[in-house]
Amino acid sequence: MGSLVREWVGFQQFPAATQEKLIEFFGKLKQKDMNSMTVLVLGKGGVGKSSTVNSLIGEQVVRVSPFQAEGLRPVMVSRTMGGFTINIIDTPGLVEAGYVNHQALELIKGFLVNRTIDVLLYVDRLDVYRVDELDKQVVIAITQTFGKEIWCKTLLVLTHAQFSPPDELSYETFSSKRSDSLLKTIRAGSKMRKQEFEDSAIAVVYAENSGRCSKNDKDEKALPNGEAWIPNLVKAITDVATNQRKAIHVDKKMVDGSYSDDKGKKLIPLIIGAQYLIVKMIQGAIRNDIKTSGKPL
């Protein structure tokens, strides 16, 4: 299930200012002996995963339609430029009919076997007003699938970022509240300790994939705060890829579902031993009761 590596034609579609920044970021990766990088994109359906992939590549590499369901299988897009290769893996939505789609996660795991994930983009929408239990269940499912270490290689990407919040809230206040609520959900669902989660330092980046996205004076797609979001996202991706945490290698053990069960398996001998001792103690107590009850008063 390999992907054909093609020359990065879409790179030329970016404004000159964006091209310069991307060349700088990828050059820093090559200086650290990273000649390739693999980015996994996960999230619920309809949050803008595929559109974000298209924006990052600068080409319509993944079909996006508001009137069609998302693809049912993962797709890897690979582009090379100047000796550097970027692989981005688009995936099906992780929710189906209001529940976590575990079948989709199994398909994703199978697709990823023997691959190494340098960065996870966990995608959601900025223009949503609340976080619910389903969001937590999605995080739990991702954690059970890849281990909580995956969150140490994660960026939270909030799409539809050219959003006008309610009149009483500034853009900065709303985006901060929205990102904070999602980060709290990730911490709760991943079951990471407070210090452990703070050390993981999940960064939040914003994206606007619409063709109506505003542009700055350098012709770059810009958010309401003036930020050129594509180079900002790529910089954040390269920062995570080089953050000293181990990349996530998906091996057969993880695919077979034994990853999250290892600790439980190690405890089985201890549990059996404890059960044996308890049974022996109960049997001894019963024998003593029988002996005691058999004595004359």
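Every residue gets a Cβ built from N, Cα and C, even glycine.
The GTP binding site annotation in Swiss-Prot covers 46-51, 65-70, HIS160, 208-209. The feature Mg(2+) binding site is assigned by Swiss-Prot to SER50, GLN68, with experimental evidence given as support. Per Swiss-Prot, the feature domain 'AIG1-type G' maps to 34-258; the stated evidence is sequence analysis. Under the heading region 'Homodimerization', Swiss-Prot lists 65-68, 125-130, citing a curator's inference as support. Taken from Swiss-Prot, the feature transmembrane segment covers 37-53, and the record attributes it to sequence analysis.
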Most Cβ neighbours inside 10 Å, all chains, among the binding-site residues SER50, ASN209: SER50
Distal contacts, the region 'Homodimerization' (125-130) - CB-CB under 8 A, six or more residues away: 47-48, 158-161, 163, 174-175, 178, 181, 206
Local Cβ density at GLY46 (GTP binding site) - other Cβ atoms counted within 10 Å: 13
Chain-internal residues near HIS160 (GTP binding site), provided their CB is under 8 angstroms and they sit 6+ positions away: GLY48, ARG125, LEU126, ASP127, GLU208, SER210
Neighbour tally for GLY48 (GTP binding site), based on other Cβ positions within 10 Å of its Cβ: 25
